[in-house]
Amino acid sequence: MRIKNICCIGAGYVGGPTMSVLALKNPNIRVTVVDINEERIAAWNDSELDNLPIYEPGLKDVVKEARGRNLFFTTEVEKAIDEAEMIFISVNTPTKTYGKGKGMAADLKYIELSARQIAKVAKSDKIVVEKSTLPVRTAQAIKDILDHTGNGVRFQILSNPEFLAEGTAIQDLMDPDRVLIGGEESDDGKEAIDALVDIYATWIPKEKILTTNVWSSELSKLVANAFLAQRVSSINAISELCEVTGADVREVSRAIGMDSRIGPKFLQSSVGFGGSCFQKDILNLVYIAKSYGLKEVADYWEQVILMNDHQKIRFAENIVSKLYNTVSGKKITFLGWAFKKDTNDTRESAAIYVADALLNEQAEITVYDPKVSEERIYADLDYLNTRSPEENRRLLKVALNPYQACKSTHAVAILTEWDEFKSYNWEKIYESAVKPAFVFDGRNILDSQSMREIGFQYQSIGISNLNKI
Ligand SMILES: NC(=O)c1ccc[n+]([C@@H]2O[C@H](COP(=O)([O-])OP(=O)(O)OC[C@H]3O[C@@H](n4cnc5c(N)ncnc54)[C@H](O)[C@@H]3O)[C@@H](O)[C@H]2O)c1
Ligand SMILES: O=c1ccn([C@@H]2O[C@H](COP(=O)(O)OP(=O)(O)O[C@H]3O[C@H](CO)[C@@H](O)[C@H](O)[C@H]3O)[C@@H](O)[C@H]2O)c(=O)[nH]1
C-alpha cells in the first residue's frame with residue numbers, strides 16, 4: 001500500500017520535528033500536522049524561522065526546506081484526518097493529576113479524544129499510528145473506539161514509539177539507533193506495518209527497522225526510558241558515596257563505562273534528571289505493575305524516581321549548609337533552567353525543584369538561561385503552588401545577561417550544562433560576587449582546579465576534597 005497523505009495529531013516536541021523529518025525524506029507524501037493550539041500552529045507557520053515553537057538544533061533548516069512543499073501545519077483537524085490514509089497520534093500523555101491513578105498513571109484523555117475524532121470523521125480505511133508514549137495495551141482501547149463507529153471503515157492500529165531525545169532530536173531522527181513498529185499479526189496488520197516500514201526505509205537502513213507485536217512495542221518504550229533513567233539514578237546514588245569516601249564519580253563512571261557490558265553513555269552524574277518523559281514513563285510503568293499486583297516490580301522501578309528526588313533535594317540542602325546554614329535574603333544565581341542543554345523545554349527540570357526548596361529557605365534567586373523565557377520560568381514555579389505568584393516574582397528574578405545575573409551573588413548554581421557557561425569570564429564573575437564566593441556545579445562542567453585558583457569555593461557532584469588533604 002502506497003501512502004500519499006499523512007496526518008499527525010499534535011504539533012509538539014515530538015509531532016513537529018518527527019513529521020518535519022518524515023516530510024523532508026518523503027517529498028511525495030503530503031504531511032499535515034494538526035493541533036488545537038492555534039498559537040502553536042501559528043508559530044510553526046511563522047515566516048521568521050527563529051519563532052518556531054521549539055528550539056532544537058537543525059530544526060530550522062528542515063522546516064525551511066519542507067514547509068509549504070509537502071509539510072503543512074494547520075488547525076483544521078477534521079479535514080486533515082479525512083484526507084489522510086495514515087494518521088499519527090502524537091498528543092501529550094501527562095501523568096494524571098486527578099482521580100484514580102493520580103500522580104502515577106498516564107492521562108489518556110487526549111488520546112481518547114483523538115481516537116473519537118478519527119472515528120467521527122473517517123470515511124475511508126485508515127492506519128492509525130500511536131506515536132505518543134502509551135501504557136501497554138492502549139492499542140486495544142483505541143481499536144475499541146474506532147471499531148464501534150458503525151460506518152464500515154476499517155482501521156489498523158500500529159505502535160511506533162518515538163525515541164528522540166530533546167536537544168538532539170534532528171540528529172536522532174535522521175540517524176536513529178532503531179525504529180520500532182508494532183502491529184497486529186494478521187494479513188491486514190502486516191500490510192499496515194509494511195506501509196510504515198516503507199516510509200522509514202526511504203532514509204533508514206532496513207536492518208534498523210524492528211517490527212514486533214503491538215504490546216512489545218508499547219512496553220519497550222516505557223522500558224527503554226526506565227533503563228536510561230535507572231542509569232542516571234544509579235550513578236547519582238554513587239555520587240553521594242563518592243563525596244563521603246574521596247572517590248571521584250567521573251573516574252568511577254569512566255572506569256565502569258569502559259566495560260563493554262556496561263558502556264560509557266548515560267553515566268553522567270548530575271543534579272537529577274528532568275524532562276517530560278523519564279519520570280512520567282516510570283511512574284506509568286510502576287502503576288501498570290501495581291495494577292497487575294506485581295509489588296516487587298513496582299517497588300524496584302519506583303526507587304529510580306525516589307533516588308532522583310533525593311538528588312535534587314540534596315543539591316539544594318548542600319547549598320544551604322555550605323552557605324553557613326542560612327540562605328535567607330542571600331542572592332543565589334541559577335545558570336540554566338532547561339532540563340538539559342540545547343532545548344528550551346523545562347518540563348520537570350531539576351532547576352524548578354531546587355529553586356522551590358531554596359525559596360522555602362527565603363533565598364533570593366536570579367535565573368539566567370540562554371533559551372528559556374521569563375514567562376516560562378514563572379509558569380513552572382507557579383505550577384507547584386508552593387507560594388503565591390506575587391511571592392514567586394518577589395523572590396525570583398530573571399536576568400537577560402549572565403554577568404548581571406551573577407553580580408553581587410553569594411553563590412552560583414549550575415543547573416543546566418549549556419556549553420556557553422564553560423567559556424564565561426569566571427574571573428569577572430568572581431570579582432563581582434560576595435566573598436567567599438561559591439559555585440555549586442550541578443553538571444560538573446567547569447574545571448575545579450581553575451575555579452579554585454580564581455578563588456571560588458567550588459563544589460561539584462560526586463567529588464569531594466577528601467583526596468586533596
Ligand atoms: N518530548 C519528547 O522528547 C518525547 C520523546 C518521545 C516521546 N514523547 C511522547 O510523545 C507524546 C507527545 O509529547 P510532546 O513532548 O510532543 O508533547 P507536547 O505537549 O509538546 O505536544 C502535544 C500536542 O498535542 C496537542 N493536542 C492535544 N490534544 C489534541 C487533540 N485532540 N487534537 C489536536 N491536538 C492535540 C497539544 O495541543 C500539544 O501541542 C507524549 O506521549 C510523550 O510522552 C515525547
Ligand atoms: O548521563 C546522563 C544523561 C542524562 N541526564 C539527564 O537526564 C535527563 C534526560 O535526558 P535525555 O534522555 O538526554 O533527554 P530526553 O529528551 O528526556 O530523552 C529521553 O526521553 C525521551 C522521551 O521519551 C526519549 O525519547 C529519549 O530516548 C530519552 O533519552 C536530562 O535532565 C539530562 O540532563 C543525566 O543527568 N545524566
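Including glycine, each Cβ sits where the backbone N, Cα and C put it.
For THR95 (NAD(+) binding site), the Cβ neighbour count at a 10 Å cut-off comes to 19, with all displayed protein chains included. For 10-15, ASP35, ARG40, 91-95, 132-133, GLU166, 277-280, ARG347, the entry in TrEMBL reads NAD(+) binding site.
Per TrEMBL, active site, nucleophile is recorded for CYS277. With a 10 A radius on its CB, CYS277 (active site, nucleophile) counts 25 other CB atoms from all the protein chains.
The domain 'UDP-glucose/GDP-mannose dehydrogenase C-terminal' annotation in TrEMBL covers 333-448.
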Which recorded positions from the set TYR13, ASN92, THR95, GLU166, CYS277, GLN279 come near ligand 2, judged by a Cβ under 6 Å from any of its atoms?
-> GLU166, CYS277
Coarse DSSP state, helix versus strand versus coil, of GLY10 (NAD(+) binding site) | coil
Would you mind giving the whole-number mean pLDDT across the domain 'UDP-glucose/GDP-mannose dehydrogenase C-terminal' (333-448)?
-> 98
Measure from each Cβ of the recorded positions GLY10, TYR13, THR95, CYS277, GLN279 to the atoms of ligand 1 and list the residues where some distance is under 6 Å.
-> GLY10, TYR13, CYS277
Counting across all protein chains, other CB atoms within 10 angstroms of the CB of ASP35 (NAD(+) binding site) number 23
